[in-house]
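So the structure is just underneath, and the comments pick up after that.
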Amino acid sequence: MSLPTAAAAAAPARRSRPRPMRLGVAPINLNGLPSHQELDSPSGVLVPQLSELSLPQETKLDLKQEDIESMQELGAGNGGTVHKVLHKPTGTIMAKKVIHVEARNSVRRQIVREIQIMHQCISPYIVSFYGAYLNEGDISICMEYMNVGSLDNIYKKIGPIPEDVIGKVTHAVLAGLVYLYRNHRIIHRDVKPSNILLDSQGNIKIADFGVSTQLINSVANTFVGTSAYMSPERIQGGRYSVQSDVWSLGITLMELALGKFPFQSEGEPLSVFELLEYIVNEPVPALPAGQYSSELEAFLARCLIKDPASRPTPSDLLSNPYCQAAADKEVDVKEWAKVLL
């Protein structure tokens with residue numbers, strides 16, 4: 001079926017600013033990231049650059065800086081930049097992410113491990129990894145170029161995403177999350193609209209998997225960009241689990257449906273810390289009544305259960321009737337994607 005470029009959705013009721021953190025709530029983990037102990041990495045000495053980083057030969061492929069021609073900047077942050085590039089020997093268009101890191105030896109080892117894992121991940125729901133190389137101390141990671149872009153940029157351009165497309169997004173992301181954990185024991189840790197990408201063939205894929213500690217961006221930039229999608233247990237310093245990704249998916253899908261971030265307040269925007277308090281203390285957001293299917297409403301309610309022990313896993317949700325129906329439904333995402341170019 002053909003789809004419009006936007007779906008009408010009334011704005012949810014405006015919420016008041018959050019109350020102060022209640023007594024008894026565990027302290028907020030300001031980093032929202034694993035500790036060095038969680039990474040099983042001993043403390044190392046600081047190094048000025050990554051020139052000594054030894055990338056396994058199989059991850060290097062034939063990528064060399066002199067063979068890469070930059071075409072367009074796709075994004076930038078405190079930790080690095082992403083460019084659309086041409087690999088001249090093969091004519092392949094890629095997305096090249098350059099990471100600027102002054103890291104501990106333990107962090108460098110973690111980067112090598114994560115690049116090795118990226119090389120092994122092959123799934124129609126995961127952005128493909130082409131290789132990595134070092135250039136003047138920076139690490140360049142070359143990935144599949146998704147030419148329509150991120151769902152974050154798409155909804156900010158056209159407004160709310162059609163519910164039929166949201167169903168396809170749901171299935172693709174869950175299938176990707178299940179693949180990562182089942183095959184590589186990877187928990188994504190950074191599910192959000194900017195990490196869900198679309199191409200002109202209608203393919204929906206997730207990016208930046210398993211790299212929440214080292215390859216996303218700097219710690220400060222990661223915290224600000226990712227904290228909005230953190231589950232309550234992670235904000236309170238609890239352990240990360242696959243159920244934490246499910247919470248992030250629920251917030252992401254609601255954001256796509258509404259065409260804006262679900263947590264809203266009256267007056268000035270919430271600060272990062274007010275937002276974290278809101279997520280922990282206040283009722284979970286909900287779609288406006290009567291404007292979406294009851295199946296989607298029920299699915300999101302399951303994703304946004306605050307108790308992680310009661311929240312389903314990605315595998316549970318992949319077999320959920322809503323997700324199964326979305327997978328089976330004929331939706332011309334390719335035609336919809338072409339309109340966005």
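Here the Cβ of each residue, glycine as well, is placed from N, Cα and C on the backbone.
Per TrEMBL, the feature ATP binding site maps to K97. According to TrEMBL, the compositional bias 'Low complexity' annotation covers 1-13. For 68-323, the entry in TrEMBL reads domain 'Protein kinase'. The annotation region 'Disordered' is assigned in TrEMBL to 1-20.
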Within the predicted model, mean pLDDT of the domain 'Protein kinase' (68-323): 87
Three-state secondary structure, the residue listed as 'ATP binding site' (per DSSP): strand
